[in-house]
Amino acid sequence: MQRLDALLPTLRERAQETEDLRRIPDDSMKALQETGFFRLLQPEQWGGYQADPVLFYSAVRKIASACGSTGWVSSIIGVHNWHLALFSQQAQEDVWGNDTDVRISSSYAPMGAGQVVDGGYTVNGAWAWSSGCDHASWAVLGGPVIKDGRPVDFVSFLIPREDYRIDDVWNVVGLRGTGSNTVVVEDVFVPTHRVLSFKAMSNLTAPGLERNTAPVYKMPWGTIHPTTISAPIVGMAYGAYDAHVEHQGKRVRAAFAGEKAKDDPFAKVRIAEASSDIDAAWRQLSGNVADEYALLVAGEEVPFELRLRARRDQVRATGRAISSIDKLFESSGATALANGTPLQRFWRDAHAGRVHAANDPERAYVMYGTGEFGLPITDTMV
C-alpha cells in the first residue's frame with residue numbers, strides 16, 4: 001500500500017493524458033505492476049498474494065480517487081487473476097507458465113458463442129466493452145455453449161491475444177481513458193481446459209479450487225464481480241470530494257459580492273452530507289465483503305442471506321457515491337465545468353460507470369425483496 005500511495009500523485013497528474021489517449025498510459029500500467037497491485041488476487045503458486053479481497057478493493061478505491069479511468073481498469077484487470085485461479089491448472093499454466101505478470105481483459109456480456117466440437121469449442125463473436133484490452137495478452141469472454149443448435153451452458157472462454165483482434169471504437173463521454181474497445185473472435189478453437197462454466201463457479205466445483213484452496217477463491221462470484229464495478233465508483237467519489245473541498249477553499253463567488261465559498265454555511269452542509277454518504281457507501285461495500293471473507297477464513301459457508309445483502313448494498317453504495325458527486329458538482333460553480341478540471345471528470349466517469357449492468361439497482365433490490373418473502377430467486381448474479 002505504501003508503494004501505491006507514492007504512485008497516486010503521478011496517476012492524478014496523468015488523468016487528463018489518460019482521457020486524451022482513451023486508454024491507460026503504458027507508464028501507468030507498468031508502475032501499477034511494479035507496486036504489486038495486480039498480484040493481490042493472484043494465487044500463491046504463481047507468485048501472488050491471494051490476499052484479503054478488502055485489501056484489493058481498498059487499493060482500487062485509492063487508485064480511482066486519483067484517476068477514475070485508471071481505477072476502473074485496475075479493478076477489472078486485477079480481478080481477472082482471481083477468475084483465472086478458478087480455471088483448470090492447465091489453463092493457468094497456459095497463461096502464467098512463462099510470465100506471471102500476464103494481464104487479462106474481459107467482456108462477460110454474451111456477444112458471441114461457442115459451438116461444441118471435438119476437444120473443445122469453435123468461438124465466434126464481437127465482445128464490446130473490454131476495458132484495458134490494449135494492455136492484456138489474454139481475454140476472458142462470456143457466452144453460451146451451443147450444442148445441437150441449443151444453448152446448454154453459459155461459460156467463460158479464455159483466448160490468447162493472437163486469436164482475436166481489437167476494434168478501436170471507444171470514443172465516449174465518460175471513462176474515456178479505459179480503452180474499453182471491442183474484442184472480435186472469428187472461428188477460433190478453444191480447448192475444453194480453457195473454458196469455465198459460471199455454474200461451476202457458483203457451486204464451488206470450479207477445477208481451479210483443487211490447487212487454489214485459499215478462502216478468497218471461495219468468495220461468491222455475485223459479490224466479487226459487482227464489487228469490482230462499484231469499488232472504483234466509490235473511489236471516484238472520494239476523489240471528487242477532495243477536488244471539491246480544495247476548489248471551494250479557493251473559490252470566490254462572483255454572484256455574492258465576492259463572498260468566499262468556504263464561508264458559506266450551505267456549502268459546508270453539502271460537504272458534510274456528501275462526506276457522510278461516501279463513507280457510508282464504502283462501509284457497506286467493504287463491510288459485506290469482509291463479513292463473507294471472515295466466514296470463509298473460519299471454514300464456514302457464506303449464507304445466501306448475506307450474499308443478497310451484499311448485492312443490495314453494492315448497488316446502494318454506487319447510488320450513494322454518485323448522488324454525493326452530483327451534490328458536490330452542483331455546488332461547485334461554473335469554473336468546475338472547464339475541461340481538464342478533476343471534478344467534472346469524476347462526475348462523467350462515475351455516471352459512465354453507473355450504466356454497467358452490475359449497477360442496476362432495481363434488479364438487486366427485487367432479488368433482496370424476493371428473498372425476504374422467502375420466494376425462489378432465479379437471478380444468478382448473487
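Even glycines carry a Cβ here, placed using N, Cα and C.
What Swiss-Prot records for this protein:
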type	residues	note
BINDING	Trp72, Ser106, Ser107, Tyr108, Trp129, Ser130, Ser131, Arg251, Ala334, Thr335, His356, Ala357	FMN binding site
- [ ] For His356 (FMN binding site), write down the residues of its own chain that are at least 6 apart in sequence and whose Cβ falls under 8 Å from its Cβ; none is a fine answer.
- [x] Ile229
Open item on the list: At 10 angstroms around each C-beta, which of the binding-site residues Trp72, Trp129 has the fewest other C-beta atoms nearby?
Closed with: Trp129
Task: Which of Ser107, Ser131, Ala334, the listed binding-site residues, has fewest other Cβ atoms within 10 Å - done: Ala334
